């Protein structure tokens, strides 16, 4: 491997590039907590004793309904509400991916995070207004979150040295104060290391020289749409993203429901148990990023092998442990262990297919991330709705159908990634100065 893009490594401790990764981690943690909050509160919002009741009809309870409203939303209706956030995410990702290469990422992310937090605050009032209002609110929140999640990927084209892309990306992604953080982001982040007033000269030179950076010609180039459509490595990322989001969104939205129906714990314990997979996902994501960069910097594995290795772990392990959860869980603790592994091991994809677009076409990474995420979110949208429909028909045996279907989707996506996946710059992006020829 040719490491000419890494002339002299600058220490990462107290560096701005790692500080930026941590700041993005905080932003993503807030976004994900806002996204999954409803899946936990839904456990106490709905009337579980009458799952097939008339939607949005309040029941007479001894509880004060103004403090703890209860709605007769069926599992099918809940699935539609859960998935409604993807309506907004789907329509905004490709435009944001394209515009992030042309306009200020700083303003895009700070505004998006503020609006997502605002919609999260008004969500309870939207629920009182009925299903249409809560769906509209979640869709608007999806527009904001989709903008923030896609725009940030264009950051690493300018801020991440090639040998540190795995750890910086995984650290930032392995994830009430959102409005405050949006202001903090606006004050601390700059679109380019060349314009940052506080970064050290040595770190600035290290980043710029390792990227062999010039004024990006991609700003004036048209998108090679035909070449992208014919690109099998790009389709490998698309199919892998579809499978990843299919599984990830089932676990994101339905873990509290699974815990409630199978472990019969109170809502406080449910919240703790539902959070454990994300704690381990954060750990596995960071581990994957550091391991990938270690293998690459020590010439232990080729970049293509690294991407396929972590894609395999991220797509194969979740459905495997999901089937173990159904067939090998004979106690409370074994159920918890398999539930944690099912919900957390998908984060290995952070060092695999989720960053692979930066390998094959760095010039168009923002657009490609938006495109592949749209396809992936369609998988998440379908799985969320389908999961609700299956549980609506049969809440007890429905989980078996869900995890077997998930296994089929993931194995199909993984096979496509292993056969057609690549990790070198494609011909349709080679008119840009070469960065990482491996």
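Even glycines carry a Cβ here, placed using N, Cα and C.
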Students should find that the transmembrane segment stretch in TrEMBL, chosen from 60-79, 80-99, is 80-99
- Message: Would you say the transmembrane segment (370-392) and the transmembrane segment (309-330) are touching, if the rule is that at least three C-beta pairs must lie under 8 angstroms and be 6 or more residues apart?
- Response: no
Outside the transmembrane segment (80-99), at least 6 residues beyond either end, the same-chain residues with a Cβ under 8 Å of its Cβ set are 35, 38-39, 42, 73, 108, 131, 134-136, 138-147, 149-151, 153-154, 223, 249, 253-254, 366-371, 373-374, 377-378, 380-381, 384-385, 388
Mean per-residue pLDDT in the domain 'Major facilitator superfamily (MFS) profile' (233-438) works out to 87
